[in-house]
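Annotation comment: Swiss-Prot describes CYS411 as heme binding site, evidence class similarity to another entry. The FMN binding site annotation in Swiss-Prot covers 510-514, 588-620 and rests on sequence analysis. Annotation comment: Swiss-Prot describes 504-644 as domain 'Flavodoxin-like'. Residues annotated as domain 'FAD-binding FR-type' in Swiss-Prot: 676-905. Per Swiss-Prot, the feature region 'Cytochrome P450' maps to 1-484. Residues or ranges marked as region 'NADPH-P-450 reductase' by Swiss-Prot: 485-1064. The site 'Important for catalytic activity' annotation in Swiss-Prot covers THR271.
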Amino acid sequence: MTELIPGPKGLPLIGNVLDIDPVDAVVCLGRIADTYGHIYQLKVGGSAKIFISSRELVDELSDESRFTKLVSGPLAQLRNVCHDSLFTAQSDEPAWDLAHKILMPAFGPLAIRGMFDEMHDIASQLVVKWARFGPQDTIDVSGDFTRLTLDAIALCSMSTRFNSFYKQDQHPFVSSMLEVLAESGKRAVRPPFVNDYIFRGSLKHYNTEIATMRRIAMDVLAERRANPMACQKNDLLNAMINGRDPKTGEGLSDESTINNLIVFLIAGHETTSGLLSFLFYYLLTRPDVFEKAQKEVDELVGRGPVTIEHMSKLHYIEACLRETLRLHPTAPVITFKTKPGFEKESTTIGGGKYKIDRDQGIVALLVNIQRDPKVWGDDANEFKPERMTDEKFNNLPANCWKPFGNGIRGCIGRAFAWQESLLITAMLLQNFNFQLADPDYKLQIKQTLTIKPGNFFMHAKLRDHVDPLELEGILHGGAKKGSKIDGPSSGASLATTEQELQPMTILYGSDSGTCESMAQSLARAARGRGYGATVKTLDSAVEQVPKDQPVVIVSPSYNGQPPSNATDFVKWLEALDSKALKDVKYSVYGCGNKDYTSTFHRIPKLLDAEFERCGAKRIAETGLGDVTVGDIFSDFERWQDDQLWPALGVAHMDGDADAEFDIHVDRSGRAAELEVDADEATVQSNQVLTAPGEPEKRYITLKLPEGMQYKSGDHLSVLPLNDWGVVRRVFAWAQLPWDAVVTIPKGTNTSLPTGRQISAKDLLSGYVELSQPATRKNIAKLAASSPCPFTQKSLSKLEEHFDSDIAQRRLSVLDILEEFPAIDITFGNFISMLPPMRPRQYSIASSPMADPSTATLMWTVLNSEAYSGSGRRFLGVCSTYLAGLAEGDRVHVTVKPALRLFHPPSDPESMPIIMACAGTGLAPFRGFLEERVCQMKAGRALAPAYLFVGCRDPEKDALLKDELAQWERDGVVKIYYAFSRASDQSDGCKHVQDRIWNERDLVRKGLFEGNARFFMCGGSGAGKSVEDVVKRIYKDNKGESQEKAAESWFQDLKANRYVTEIFA
């Protein structure tokens, strides 16, 4: 005789809808269990469901010969999005069986292991983000872990980068998904007629968000279909496209592929982000657990990179993860039903005690089941990782821990989630300490289809031994740990006289002008600490490195090579005998671009190593900055304050290191004078190359000054003027008359003109960077200059959130002064905060063979909405300046040599060339081709030339299309386009790397069977993509899958036959 299953009495038509809070359903259902016991019944969504909350009952339901998974409730509503996907199909639906057979291998142990590097890449982005934001930044824990896990599943499973950490807002898929999950939960407890008729507005919005999710999935599939060779690994997407049932040979339809793409994006990141969020809640509220977990990482990993080999050895962290999932299974319910084909119309559970009708849903409440005191004891609600160590975990009663589901319908991505969770936890504990943003925070549960902590925020602080300048190198095993200098030293007074200044030499290498500007700023800061610094190029110091004073070196690395004014110095230094610099005291600061991993900071590190080899004594740890962060000047200042000045014993000073200029403003006249650092060229023509509405790209022809020479591939350095609109803003702020004249006293440590009059207009237009983002020191100085408490507090907040509020928004000193009128600084003080105007470099787009007296440039005009939120336009300083030049105008220029190999080959008859570019990266190759035109007209039989060009549309921004077409007809070059917005006109290729892969036989023949030289010019993203596809062609040609072999071959190729020019 069976017993009646208890439960609260419902209302007509709507049943028990009012008994369940859709916003907090899991907690609500658990409370009902507390009232009605381990089994109860509710009428929800138009049907009666049974809810269980004991280990004994779920153990019975886990018998797959009697029961199977039932898709119901919110999960059934999710079928509106992904139909009969692997996650949402009923067990007897053919689509589930087919997808399961095809996709199981894609989640096997070897496949998951092969995803480690991509997981590590995404995890490193999170680590670097938290490091850069600093300990004052408030971290939305669930939000950032959601970005992490979404990007990881997208990259690992479908080779797609959502780049969530580089966007302020969530990816559209995530925002739509959250809306859909929330509404699916609400729809699950409402009768169908209520959903369809009463909530029509919600239904319309629901369908719109579903359409967004499906569109994104369709775009991913379409991209892969259009470029099937773009991804050579057998990722999940390729498995869905190419996989077949081993027995029937049947594959997944596009519709089924889209369904499963969506469900993997949902299930593959929602549950794991919740797990990590709950874990860090417990780590932060249990210091003893945190200490043990961090100690395990320190002892196992140390300061090296976390590797795949560490994953199986993080036993305590694994226990923490298990215990977290016990208390908070992020997929909090499993719904069962009697197995299809079961003969009886009904069955029983509970030892025959409770009757279950055919197809009736039985919901296992995992939060309650996994806290069953019969299994876990009286402390079942406490977080105790020790109960989840391997030996104890393996001896637990069957089916008492089921966060990944049951049997054959269990989570197919369990191994993926586990590896990802172990990796990110280890990396975060290795590098950070954490604290709650609100010390009084009490755990809140936020529920959609899964559960996460609600309103959970924390702070992350780099551990004492972690050097933020070398963090990224450490993550990837490319840098050694830097030392930490403690304790301030007494500083020099600003009142130091010229006679009291100690000597210092600052040596720099610079082609773009950035490091030169940094060297000048360091000299100004040095004066405030008692040093009179001499600033020189590195080449000028050959055989002249002083031994009686500190020597500070500031240098970049250009694709692993020294800048042009440091080449001789590097050669000289490498040839020195050991101990040749025995009495030299030095320190090095380097600039680099992290996109070039193999050559990142090569020259600064080489300089440091060679000085040490030659017996010099290092003053302070080498500083390494990354220009891609966009805050290189603030990083440089931070290195000075944290490393250089404390090591020299002048950590602090009585005043500001950036001495204010005692400028006398003469309002009576306008004797204007402009200092010229380069020779004057004359504009012959200036034309727009793109159609209206497209990003503006231009082409200018310049008559060079007499005697100025260049080679194809060289750069032209242009000294620009600030836009008059920006200059006018300064005049308005400073309340200067338009003909004001200023004088900077002679002897002031600056690169600006001193000891003579100069018009304020000329000074502001041509000598200082008005749009450069403010530095941290600028903010502190501005705050100290305001008598207004509100302004001081506001500026303090800006400084606390510097990366997000200043650097990312590119707020200049002028922007801040306009926003906070209470700041009271002089015009001279304002000028002292600004770095000097620096030249910008552009690849020359012509050949001197055609006309040695002229040079042409091709560039994109930067004109976009300002990140500051001011409503103004952000105008690129030099690109805007060049765009405004007209015939007859004069512009200050100088030639800068390209990298040694970035020129047409000296033996063009025997060496083919392959050129790849995106956008205005075409510039140097136009020069190459113009040179070939001249050579062919001279009767030379040249080796083949191939040009791969990436742009948007053949009619709107295919630059110099007619000229190139004529050259192709003349046999000068064979051109292969990739149109991102018209790929049907470029063999289905959207990007230059796609076209290279499409023509890989040509590239293979040139690089492997011939002696072609490969040139690449474009942005860092395109450069990396082209590099990757060339390596892929190598692996495809050799039949090798080893990344190390491809990397070794590629490094050899770069020595002589692969050359790149990357622009910002």
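Backbone N, Cα and C atoms are what each Cβ position is placed from, and that goes for glycine too.
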DSSP-derived helix, strand and coil totals, residue by residue, for the domain 'Flavodoxin-like' (504-644): 57 helix, 35 strand, 49 coil
Cβ neighbours within the same chain of ARG613 (FMN binding site) - under 8 Å, at least six residues apart: SER578
Model confidence over the region 'NADPH-P-450 reductase' (485-1064), averaged pLDDT: 86
Greatest C-beta neighbour count within 10 angstroms, which of the binding-site residues CYS411, ASP608, ARG618: ASP608
C-alpha spacing of the residue listed as 'heme binding site' relative to THR271 (site 'Important for catalytic activity'), in angstrom: 11
Lowest local Cβ density among THR271, SER510, ASN593, which the record lists as recorded positions, within 10 Å: ASN593
From binding-site residues SER510, VAL588, ASN593, ILE603, ARG618, the one whose Cα lies nearest CYS411 (heme binding site): ASN593
Spatial neighbours, same chain, of VAL588 (FMN binding site) - Cβ under 8 Å, 6+ residues apart: VAL552, ILE553, VAL554, SER555, PRO604, LEU607, ASP608, PHE611, THR622, GLY623
